[in-house]
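Asks: Next up is a structure, given as structure tokens.
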Amino acid sequence: MIKKKNSPADKYLIKSQIGSGSYGNTFKVTHKESGQVFCKKSIQVNNQENIEKVLEEGKILTVMDHVNVVKLNDSFFENGNYVIIMEFAENGDLFQKIENQKRSGKPFSDFEIMHYFCQLVIALNYIHSQNIIHRDIKPKNIVLSSSDSGSGSGSGSGSSNDSIPLLKIADFGVSKLMSETDLYANTTAGTPQYVSYEICNKKPYTNKTDIWSLGVVLYELMTLSLPFDGRKETVMRNIQTESTIFKPVNHPNEELSSLLFKLLNKNPESRFSTQQILEQVFIREFIENHMVDFYKRFNFSIDGIFKVISKKLNLAGLNLTKEEKDNLEHKFIFTKMQEMKDRMKAFDTNHINKNQQQQSPQKLENNNNNNNDNNNNNNNNNNNNNNNNNNNNNNNNNNNNNNNNNNNNNNDKNNNINNNVNYNVLKKVSVELGFNLDNYCYDTDGMLIELVRSKLEGKDRKTYSKCYNYLSNKQSAFTNTNNEY
């Protein structure tokens, strides 16, 4: 008997739940061996839409390497969910920071506003250089790390780097990875109070939509209020129709106040890019005078920040550096998930309802085109065809009974899996690979098979030759119903 290997999830101890959403939950966890604290994000992947989101977020986090962006530490499958382990920000988020300032009745100092804003510009400049649109920039998605690599955060009321936390942009769940030739997106995404004019009007948009959101965050830092607030419908209508998008900001920093008009400009073409923001003299002077040493505390250099950052990402197919290849073993999961998405698209066109007990169009076509061959098939192969066509003989009846028993045994947990895949054979494959298929629930055959594929990834071909032979190609993986394994 093959001993079941420990799950990657066993390495982490859940301390508390941080949040929840329509696609999954987030937890504060501790690595059992090192004691290091992480953020665990568990995402459901039980349909193709969720797979698309996980695939996109996975690609993005894999290539992200910036001190102002949350880092990916690990990723794996757990009970039908895809799990991302990220660094944990111990000081909450910018939303909580703003709320604390409101309660205290004290506005942020000019130094704090400039420092926070410049950190966000530097972070967005990097993100946009990777052809990524975040699409949900807001205080809740900006987390606060310590004010020093080895110390806690200060009170946040002074004019020194010692009191300034390191900001990190988080949550790439609705982010978009653009190609170098297609720079426009058109999917509605974001939070109403921070969403751009073009998205409100359902127009195609570029990464300039993030600049609008950045402008809203800057407005909030300067005034402790939002340029638009209220119910979703009211906010969207105001952004769509108002000629003056926000009230003048009564703030001593006139340069920042003027910059707001370049960020919250309804015309994306006239809206500043991150590079244009960095080119502003007062921004550049602040960064050079106050932020170089700040970043050195985190072993990060911003030399060359005023130049266009070269793209690390080859969008024709993620071109990872040697270090990334060595350190990010989980990158194979994203390749596998891309294959999963493609297979599911092909498979779902022939997907049939189990209760209908009908043969798929693909099989009917195969039967018509290969009738003579089918007549000569062995009894095991005939079994599945006869099952669908209700033509039974003694041998086929025995095999049909076996298949019916397998379906009944797994009906509770996998009631959406149809007869195109022999569940019993996949279960034997899973046992040989050291996990229990009954612990997983999937809506389609393609997803069930891809679970087995993911477990087989990297295994020795000689040792697991039967598994590889069974899952050798898409056709056999989706249509093989032979009981012999």
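Cβ atoms are placed via backbone N, Cα and C, with glycine included.
According to Swiss-Prot, the record shows the following:
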type: BINDING; residues: Ile18, Gly19, Ser20, Gly21, Ser22, Tyr23, Gly24, Asn25, Thr26, Lys41; note: ATP binding site
type: REGION; residues: 354-419; note: region 'Disordered'
type: COMPBIAS; residues: 354-365; note: compositional bias 'Polar residues'
type: COMPBIAS; residues: 366-419; note: compositional bias 'Low complexity'
Asks: What three-state secondary structure does DSSP assign to Gly24 (ATP binding site)?
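Replies: In the DSSP reduction, Gly24 (ATP binding site) maps to strand.
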Asks: Which Cβ among the binding-site residues (Ser20, Thr26) has the fewest C-beta neighbours inside 10 Å?
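Replies: Selected from the binding-site residues Ser20, Thr26 on minimum Cβ neighbours within 10 Å: Ser20.
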Asks: Pick from Ile18, Gly24: which of these binding-site residues has the biggest number of other Cβ atoms within 10 Å of its Cβ?
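Replies: The residue with the most neighbouring Cβ atoms within 10 Å is Gly24.
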